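Right, one structure below, let's go through it.
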C-alpha cells in the first residue's frame with residue numbers, strides 16, 4: 001500500500017498502594033480511575049474528541065486505543081497522549097479518594113504501568129494494527145511475516161527481570177525455570193503460544209486473524225499483531241512500527257524475503273528472548289537452524305535493498321534502518337552503548353546494571369532477583385510523568401525523544417488527519433448540542449436522529465457524505481441549547 005493506517009492498543013497494569021490503612025481491590029481501583037469518565041460520558045467504553053478510544057478491558061485493565069494514524073509521528077503522539085490521559089485520571093482519582101469519595105478518606109497512590117506482565121504472572125498486551133489490501137493472500141502473508149515477528153523482540157522488546165531465571169531450555173513446561181536470576185529481551189515472549197489464531201487471550205498468538213477491518217471489507221483488511229511488548233521509548237516504538245511496515249511493504253510488492261516455517265513458535269520465542277547474545281537457535285521444518293540475529297540481518301538487508309529500489313516513503317526510514325543496524329551490531333558485540341538511549345530493553349538494562357554495580361561496590365549483594373531491582377524494573381513502566389523512573393531519564397537527557405515538545409499534549413484533544421477527524425468533529429458538535437450519540441470505528445450516530453447515521457468506511461477520509469449536514473444540524477441544536485441556557489434580556 002502506498003499509504004497505510006496504523007494504530008496501537010495499549011493495556012495498562014493497575015495497582016493501588018495505601019499509605020496507611022485502607023485497601024482497594026483491583027475492581028475498586030478501576031472504578032475510581034474511571035469515575036470521571038463515567039460521569040462525563042455515562043460509560044467506561046468511550047471514544048474521545050481526539051479520535052481515540054478509552055475503555056476498561058477484561059480483568060479491569062485500563063486500555064487506550066489510538067485513533068487511526070496516517071503517519072508514525074501521529075501514532076507516537078497518539079500513543080503518548082493515551083498515557084497522559086490515564087495519568088490525569090489517576091491524579092484525579094487520588095484526590096477524590098483522599099477527599100472521601102468512597103465513603104471514607106483513603107490516602108494512597110494509584111499506579112498505572114505500561115508493561116505486559118503483573119506480579120502474579122498474568123500477561124496483558126500491546127496490539128499493533130496495520131491496514132493492508134484485501135487483494136493479498138492473507139494466509140501467505142502471515143506465514144512470511146511470522147519469522148520476522150518471532151525474532152523482532154531482540155530489537156524492540158521492553159526487557160524483563162526474571163528472579164528465578166528463564167525457562168529451562170527445551171522444556172515445554174511454562175512454569176520451569178533455571179533458578180539463576182536473569183534478564184530477557186521481551187515481556188510477552190513467554191506468554192505467546194501459536195503463530196495465528198482468532199483468540200487474543202486463550203491461545204495468545206502472534207497475529208489475531210479475526211476479520212474485523214473497521215473499514216470497507218471489500219478493499220481492506222487489518223493485520224492485528226498482538227505479541228509485541230509495550231514500549232516507553234519513542235525510538236523503540238518508531239523502530240517497531242517502521243520495521244514492520246517495511247516488511248509488509250516488501251511482502252505486498254512481492255520483494256524477495258526469507259520464508260521460514262518454524263517448528264515451534266513458542267519455543268523459538270522463549271529461546272530468543274532469554275539469550276541476550278542473539279545466538280540461540282530455533283529449528284525450521286526443513287531441519288535447519290537459525291538465530292534471531294541472522295534472520296533479522298536478512299530482513300534488514302532486504303529492507304535496505306527495497307528502499308534503494310523504491311525510495312523512502314517517509315522521513316523516518318533512514319533513521320529506522322540505522323537504528324535497526326545499530327541494535328543488531330550492539331547485540332552481536334555485547335556493547336549496548338550505541339543504543340542504550342533509544343531501545344527500551346537496553347535503556348532499562350543499563351539502569352538496573354548500574355544499580356547492581358553500585359550496590360556491590362558498597363558491599364551489598366545485588367542481582368536481578370533483588371527486591372530493589374524488581375522495583376526499578378516495574379518503576380520504569382510507571383506512566384506518571386512526575387514519579388516515573390523512565391521520565392526521570394528523559395528529563396536527564398538519557399533517553400532520545402522523537403516527538404517535538406507539546407505534540408503529545410496536543411494529541412490529547414486533537415485527532416490525526418484521518419477518519420479520526422470526522423469522529424472528532426462529530427463528538428465535539430454532539431457534546432456542544434447536548435445530544436446523545438453512539439460512535440464506533442466506522443459509525444457516527446445521533447441517537448435521536450438515527451436516519452442521519454454516518455457510515456465512514458474509508459479510514460483515510462477526513463470527510464464523508466452527509467457529515468456537513470449532520471454538523472450543521474448539531475450547530476443549530478447547540479445555538480438553541482445556548483439560548484435556552486442564557487436567554488436574551490427583555
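A Cβ is built for glycine as well, from the same backbone N, Cα and C atoms used for every other residue.
Here's what Swiss-Prot has on this protein:
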type	residues	note
BINDING	9, 55, 63	Mg(2+) binding site
BINDING	53, 66, 441	ATP binding site
ACT_SITE	57	active site, proton acceptor
REGION	160-181	region 'Disordered'
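Sequence-distant neighbours of the region 'Disordered' (160-181) (same chain, 6+ residues past either end, Cβ-Cβ under 8 Å): 117, 187, 190, 267, 270-271, 273-274, 352, 367-369, 373-374, 377. Same-chain residues with CB within 8 A of the center of the 53, 66, 441 CB atoms, the ATP site residues themselves not counted, are 7, 9, 47, 51, 52, 65, 67, 68, 420. Across the structure, residue 55 (Mg(2+) binding site) and residue 66 (ATP binding site) place their CA atoms 12 angstrom apart.
Within 8 Å of the centroid defined by the CB atoms of 9, 55, 63, the record's Mg(2+) site, lie the Cβ atoms of 10, 11, 53, 54, 57, 61, 62, 64, 65, excluding the listed residues themselves. Here the candidates are the recorded positions 53, 57, 66, 441, and by Cα distance the one nearest residue 9 (Mg(2+) binding site) turns out to be 66. Among the binding-site residues 55, 441, the residue whose Cβ has the fewest other Cβ atoms within 10 Å is 55. Cα to Cα, residue 66 (ATP binding site) and the residue listed as 'active site, proton acceptor' are separated by 15 Å. Secondary structure counts, DSSP: the region 'Disordered' (160-181) has 0 helix, 3 strand, 19 coil.
For the pair residue 63 (Mg(2+) binding site) and residue 53 (ATP binding site), the Cα-Cα distance reads 8 Å.
Take the CB of residue 63 (Mg(2+) binding site) and look out to 10 A: across all protein chains shown you find 20 other CB atoms. Comparing local CB density within 10 A for the recorded positions 9, 57, the maximum falls on 9. Largest Cα-to-Cα span within the ATP-binding set 53, 66, 441: 11 Å.
Less than 8 angstroms from the CB of residue 53 (ATP binding site) sit 45, 46, 47, 64, 65, each of them six or more residues away in the same chain. Each residue contributes its Cα atom, and for residue 441 (ATP binding site) and residue 57 (active site, proton acceptor) those atoms are 17 Å apart.
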